[in-house]
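Database features, via Swiss-Prot:
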type: ACT_SITE; residues: Asp95; note: active site, proton donor/acceptor
type: ACT_SITE; residues: Lys156; note: active site, schiff-base intermediate with acetaldehyde
type: ACT_SITE; residues: Lys184; note: active site, proton donor/acceptor
Amino acid sequence: MTEHDLFDLAPYIDHTQLDPLATRADIERCCGEAEQWKFAAVCVMPVWVKTAVQLLHRTPVKVCTVIGFPSGAHTSSTKLYEAQEAVDSGATELDVVINLGWLKEGNSEAVYRDIAQICAETGVTVKAILETTVLTEEEKQLAVDICLDAGVAFLKTSTGWRGGATVADVRLLKRLSRDRVGIKASGGIRTREQALELINAGATRLGTSRSLDLMQV
């Protein structure tokens, strides 16, 4: 076996089930797979956080959920309530979509307040979703600067609704953030080869619903 085959992807993976049609059986399957493969976390819709916590409470697998998903265009008070409710339900990681409209119009202060309040009030790991596929280079730089100032723990490339992670964007986020935070690549990660390329580019976490495919060597 090669070094490529032996590399353990499991600690990098947020095993994702964000299908709005998902049932309890789907969540049970997702959590069971995460426990079996020892993935870093599961990422589920807010309505399923309590269920995931109950299923995984005896395991080291973290429970993550999404906030302001997928548009980021919720009011700041709605996002904060959603985040606090998720944490009260047991989530220890939050993937929060930043307000892209405010970013594009240059309203940096509003974008900052929107994400900073969640970091400050919840005290858990916050991953800011930047939706890099719809941003210019200048907007990516601005988004990174704002999110670093706000206190996020990770920068996340994408929701997966407007395209996915690219090696180029992962490299860029790593460079712009100067290694101060983790980088989560998400969206369209379907093969082991893709996963390894993204990790080599600087990704420290991978969000994918195709986790089991990535584990095949």
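Glycine is no exception: its Cβ is also placed from the backbone N, Cα and C atoms.
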Pairwise CA distance, the residue listed as 'active site, schiff-base intermediate with acetaldehyde' versus Asp95 (active site, proton donor/acceptor), rounded so that it is a whole Å: 8
Whole-number Å value for how far Asp95 (active site, proton donor/acceptor) lies from Lys184 (active site, proton donor/acceptor) (Cα to Cα): 10
